[in-house]
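Engineer: Can you keep this structure in mind? I'll have questions shortly.
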Amino acid sequence: MPPISQLSQEQRGQAALNRSRARYEQNASQIRVRNSEHIANVRANNPDLREESRAREATARVTWRRSERIRNIERIRDAEGHAHRRQDPGERQREQVQDTAHHATRRTDPEYRSRERIRDMEAPRAYHRQDSEEHAREQERNTEEHRQRRRNPEERQREREMDANNRRATRRNPIARSQEQRMNTSQRRETRQQRRIREEQIRQMAEDRLINFRMDPQNRLDASQRQSQRNMDATAALSEDEMEQERELQPNSEKDISELFAKYFASNLEPKVSWDEREVLQQILPLLEVGCLDILDCDIVEASSHFNESHTPDLDGISPFFIKKCIASLTTPLQLLFSLSLSSGGSRADVTNYRPIAKICNIAKLLERIVTKKLTFLIRNFISHNQHGFLPGRSTTTNLVVFSKHCLEAFERRCQVDAIYTDFSKAFDKIEITLLIFSRIGVSTLVISSNISTS
């Protein structure tokens, strides 16, 4: 733009007029903003004034729309703006989010919701719903209209496209999508709950019918007669030779009955697997001759870790607490002692080399634990899987579980189960009672052993 000194008088006047108009527009815009803020503050603090302003604006809007010329211009402008916004994906998404937020804000306003409820109650449709006959006629009319629309292919295609557009618009709107997901989740949860209730009702109904059927004497009599008829039909189907053979096999006395049961039980208890003890030993002994029972330091330390420190000392006066805490110093002498014990052994023909069932000292327990672990590793493939005693991970509890499972399966197959319980004489049942009493009242074990040796 050239400087003012180069402009003519008319151009200078026009520039001054433009500046005045721009300044006026700026001042008017600021005044409008201040007035809008003031009106909003007044409306927020005064409900009566807010309602009066809304009524005055509604009246002015109605008066404005009465002019056909203004309405046509307004419609064209709104249509162009709406078409422009619909073509812009970002603008369309912002408009959807804004409409959803505006609707959610209005729904959270108790005053707006109360007015909406009153308007819905005063609507003609509400009066129709209060009348049962009119409500039924409305439902029939809606059903017929829906049926006619479903018969029309064009209407069905238009309905599908509209539903697809609605779903597409819902997916693009994050707020509406989250609301739809919550609604679908609640509907699925309600459907599952209704299905469980219906299944429980059907099951309870079936149980009640079965109980009532069984409690009816006539039904039980009919069932018994049907079973008797089936038995008679099966007997009539036998040939004469089979019936004669069956009569010969029937027992005639108590002795015959007992012999039949004895023969049946004897057939069930026959051994099904035969094995030779020598063959098993011939497979195990070569494994024991390759030096697999060599005792190492780590074996002694690992075995001592299983000792319970709270146990009392043994007959030698050595407690598990002492062995467990001093195992680092005792490892070498214990290893020499155990190696000499395994190498000497003694004659197998001498019965004094065999230890009976008795209470042993803690050092001997340590050796037994090491030898047991090594032997179990060697002969684990030769031990029956039905054995539950003296095996790691097995006990009387596992034996009882397996036996209970076997009994239940036999009952389901309607088979017979025979159980034989045996036990060896307990070693502590052979101890003299006076020695136990002396030990109980506090007499030293050394005194008791010395008295036994002198006697």
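Using the three backbone atoms N, Cα and C, a Cβ is placed for every residue, glycine included.
Feature table excerpt (TrEMBL):
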- 1-12: compositional bias 'Polar residues' (COMPBIAS)
- 48-63: compositional bias 'Basic and acidic residues' (COMPBIAS)
- 75-166: compositional bias 'Basic and acidic residues' (COMPBIAS)
- 176-186: compositional bias 'Polar residues' (COMPBIAS)
- 187-198: compositional bias 'Basic and acidic residues' (COMPBIAS)
- 221-232: compositional bias 'Polar residues' (COMPBIAS)
- 1-63: region 'Disordered' (REGION)
- 75-198: region 'Disordered' (REGION)
- 214-252: region 'Disordered' (REGION)
Engineer: Could you give the residue numbers and ranges of same-chain residues that sit at least 6 residues beyond the compositional bias 'Polar residues' (176-186) on either side and whose C-beta is under 8 angstroms from one of its C-beta atoms?
Structural biologist: 96, 100, 169-170
Engineer: Using DSSP, break the region 'Disordered' (75-198) down into helix, strand and coil residues and give each count.
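Structural biologist: Going through the region 'Disordered' (75-198) residue by residue, I get 118 helix, 0 strand, 6 coil.
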Engineer: What are the DSSP helix/strand/coil residue counts across the region 'Disordered' (1-63)?
Structural biologist: 57 helix, 0 strand, 6 coil
Engineer: When DSSP states are grouped into helix, strand and coil, how many residues of the compositional bias 'Polar residues' (221-232) land in each?
Structural biologist: 12 helix, 0 strand, 0 coil
